[in-house]
Amino acid sequence: METRNKFMLLACATFSIMSLVKSQNQQGFISLDCGLPSKESYIEPSSNLTFISDVNFIRGGKTGNIQNNSRTNFIFKPFKVLRYFPDGIRNCYSLSVKQGTKYLIRTLFYYGNYDGLNTSPRFDLFLGPNIWTSVDVLIADVGDGVVEEIVHVTRSNILDICLVKTGTSTPMISAIELRPLRYDTYTARTGSLKSMAHFYFTNSDEAIRYPEDVYDRVWMPYSQPEWTQINTTRNVSGFSDGYNPPQGVIQTASIPTNGSEPLTFTWNLESSDDETYAYLFFAEIQQLKVNETREFKILANGVDYIDYTPWKFEARTLSNPAPLKCEGGVCRVQLSKTPKSTLPPLMNAIEIFSVIQFPQSDTNTDEVIAIKKIQSTYQLSRISWQGDPCVPKQFSWMGVSCNVIDISTPPRIISLDLSLSGLTGVISPSIQNLTMLRELDLSNNNLTGEVPEFLATIKPLLVIHLRGNNLRGSVPQALQDREKNDGLKLFVDPNITRRGKHQPKSWLVAIVASISCVAVTIIVLVLIFIFRRRKSSTRKVIRPSLEMKNRRFKYSEVKEMTNNFEVVLGKGGFGVVYHGFLNNEQVAVKVLSQSSTQGYKEFKTEVELLLRVHHVNLVSLVGYCDEGIDLALIYEFMENGNLKEHLSGKRGGSVLNWSSRLKIAIESALGIEYLHIGCQPPMVHRDVKSTNILLGLRFEAKLADFGLSRSFLVGSQAHVSTNVAGTLGYLDPEYYLKNWLTEKSDVYSFGIVLLESITGQPVIEQSRDKSYIVEWAKSMLANGDIESIMDPNLHQDYDSSSSWKALELAMLCINPSSTQRPNMTRVAHELNECLEIYNLTKIRSQDQNSSKSLGHTVTFISDIPSAR
């Protein structure tokens, strides 16, 4: 089976259109006929699909018409015109889509010798900043065309489809089609799904698509000589799994002509390293007699997956839950009759996909929207301003500079140069949405109006060039303050005045200067007196700030200690954590992600907290970097990663035994307790979770990640009203509903961590009857069976009294009412008792095996267990 669909088959086939479904709407469909004149549209006769012009979705390109011949009148109508791109390297269609929506994206290419050169066009096709495929539009036959199709979840509300010139031939395209799919269909563990085939098994020669197929999948007929086709006119009902195969597809099927032989379907991947998914469609379409049975084994590459009996006149879809690799790139699905079956195996249809990874993150969505609004406002026609503004780097927009940390972090725009660009009108307000901008150059244009105050809100902005325009008025006070306090350099024409500044008379200058000298002298003497008083006091403490030089590093030093960010330890909402060395000692370096909108606030909070608090169970801050938008935190290195890695088995090696889990819980509780009662003012962590509990060389536990921490008032009824922050599954429901933050919010989160350590269950697991761990634990507790709750990786190496006490404590911590939860002092005390009970039992039972273990879990709301 060829891995690339030839659209000649589609063009030559007659589409099957069922009159009963002609009323299907095309909501969410995008159907572009590339090259169609502006404002024109039509209904394609073979599919009833409405096609519109592509003019509003592309900035460049020229239109062409295929050469007429005897077959022209029979081909797919969107093939008759096309758009080609003789100018520029990258030309991109920009489509408005719904972020997070799963789409079937189809691009169609039909050469038709439009240029009279008989030259096969070859070029690359990109989806956003990532390569999708290489296109080779064959010219061997005038009917040949190529379709490239993919199932993809959109990352933003803008989708860029780009044609990239790779040689001497000119990229071209005939049509673009987008069809929204149901969110829970065609799900890959990672990446997107590149279509290889949609086959239905029949001896017909008709292709089937919309309106019979509500998703507009194009089903091609397929058969093999050793197969026999069967069909029915009876309606086959669909199953609610969302795949909705058309009646014309599911009413036909193939069986092996030799009833004792298997039904085998084989396909080839482009590379032996590729991964694939197969979707098999089954429905029993024969009326079986009482003594007839159809049951068969489904094997993939020789591995027996399931014994299956098709449902009578009801369609079901089966697929491999994990991607399949095939030896030598040759994949095989085989249906073999079981011993008790009287009938041969049957299959109605199959869809084949290969997995394609799109690793490069798109540029920050808000900044893409902003830069495109700027482009629209000023009618900029720069040919490079298409697609993603930052990546791939070789296609970045002229005049735009970006900070690209790694492929998993969205790039940020840090410099915009629009000098000598013929700009007119006022300075665009969209510029303020480029929140990481360091330099802005709008010089030598025809801009009018005043210098806008919003420029002062762009915190990283260091240089602004506005000379050579027709601006008027004065520099806003906020910008003058930035010049004075932050070192901002603002270049404006002489007619732009500074507010509050006048030319004083010479005698006034002399008087003011004299008074100033006296005032300065007095202030200096007062400051010296105050400083000496403070220095002599042993009870007063100087609060550390971000200006402490002994722990502040330059960004170049951060790069040096991480060997230019060579080894990644992990990633989180703040950014990427790298391994490094400082004075021959290992350190962990957390670098702020440019995409974090509250990154600097959290960074500052964490530095200020860790500079003033010290506890054996809080991770130590070695230093920090605060250099423009380059922010980093340098911590002590924790050799054994975080708790969740060990509970989930991602660290490999031996698992944590029961006593180790209790010790880790105790030490974590002591760290939280110190924040609650040992700090002045007291602090709430707000993001207690298993990934924020780090483990040292000897598995000593330390709490980390203080970016969300907040101070709180002391008192039983005291709370802080604040926006909700934290991690789903660990959030205190009372905090979530009322925005009331207290130390009991940390207690709730710790209860979830404790429940993870006890049960070995994920916090949220959709495959469970009860998705959330608390609900699951409550249902298990109703049976009073401790073994059904405890992590099976513990292999029953725990004491029931110790484990019950720990479980009851966890459920108490996650009580819906914060007033019913214990404080962290009591939690630490109770956990110590759990460990003492366990150790006492071990001493009394020296012959027990001490197997090690591992676990994972978390959830929302629950009650104290009553079963025992």
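Glycine residues also receive a Cβ, built from the backbone N, Cα and C atoms like all the rest.
The annotation signal peptide is assigned in Swiss-Prot to 1-23 on the grounds of sequence analysis.
As annotated by Swiss-Prot, topological domain 'Extracellular' applies to 24-510.
Positions annotated as N-linked glycosylation site by Swiss-Prot: N48 (among others). The number of other Cβ atoms within 10 Å of the Cβ belonging to N48 (N-linked glycosylation site), over all protein chains shown, comes to 17.
According to Swiss-Prot, the N-linked glycosylation site annotation covers N68 (among others), on the basis of sequence analysis. A simple way to gauge crowding: the CB of N68 (N-linked glycosylation site) has 10 other CB atoms within 10 angstroms, across all the protein chains here.
Counting only residues at least six positions away in the same chain, the Cβ atoms of T202, Q251, T252, A253, I285 sit under 8 Å from the Cβ of N231 (N-linked glycosylation site). Among the features that Swiss-Prot reports, N-linked glycosylation site is placed at N231 (among others).
Its own atom aside, the Cβ of N235 (N-linked glycosylation site) has 10 Cβ atoms within 10 angstroms in the protein chains shown. Annotated N-linked glycosylation site per Swiss-Prot: N235 (among others), in sequence order.
According to Swiss-Prot, the feature N-linked glycosylation site maps to N258 (among others), an assignment based on sequence analysis. N258 (N-linked glycosylation site) falls within neither a helix nor a strand when secondary structure is assigned with DSSP, and so counts as coil. Cβ neighbours within 10 Å of N258 (N-linked glycosylation site), excluding its own Cβ and spanning all shown chains: 11.
Residues or ranges marked as N-linked glycosylation site in Swiss-Prot: N291 (among others). In the three-state DSSP assignment, the secondary structure recorded for N291 (N-linked glycosylation site) is coil. If you take the C-beta of N291 (N-linked glycosylation site) and look for same-chain residues 6 or more apart in sequence within under 8 angstroms, you find T342.
Positions annotated as N-linked glycosylation site by Swiss-Prot, on the basis of sequence analysis: N433 (among others). N433 (N-linked glycosylation site) has a Cβ environment of 20 other Cβ atoms inside 10 Å.
Residues or ranges marked as repeat 'LRR 2' in Swiss-Prot: 436-458. Counting residue by residue with DSSP, the repeat 'LRR 2' (436-458) contains 5 helix, 6 strand, 12 coil.
Annotated N-linked glycosylation site per Swiss-Prot: N446 (among others), in sequence order, evidence recorded as sequence analysis.
Sequence-distant neighbours of N495 (N-linked glycosylation site) (same chain, 6+ residues apart, CB-CB distance under 8 A): R472. The annotation N-linked glycosylation site is assigned in Swiss-Prot to N495 (among others) on the grounds of sequence analysis.
For the domain 'Protein kinase' (563-832), the predicted model reports an average pLDDT of 83. Look at Swiss-Prot and you will find 563-832 tagged as domain 'Protein kinase', backed by sequence analysis.
Positions annotated as phosphotyrosine by Swiss-Prot, on the basis of similarity to another entry: Y635 (among others). Counting every protein chain shown, the Cβ of Y635 (phosphotyrosine) has 23 other Cβ atoms within 10 Å.
Among the features that Swiss-Prot reports, active site, proton acceptor is placed at D687, with the record citing sequence analysis. Cβ neighbour count for D687 (active site, proton acceptor) (all protein chains, 10 Å cutoff from its Cβ): 24.
Taken from Swiss-Prot, the feature phosphoserine applies to S721.
Fewest other C-beta atoms within 10 angstroms, among the modified residues T727, Y735, are seen around T727. Under a cutoff of 8 A between CB atoms, and with a sequence separation of 6+ in the same chain, the neighbours of N446 (N-linked glycosylation site) are G422, L423, T424, N469, N470.
In terms of C-alpha distance, the listed recorded positions N48, N235, N433, D687, Y735 place D687 closest to T727 (phosphothreonine).
Looking only at Cα atoms, N433 (N-linked glycosylation site) sits nearest to Y635 among the recorded positions N68, N235, N258, Y635.
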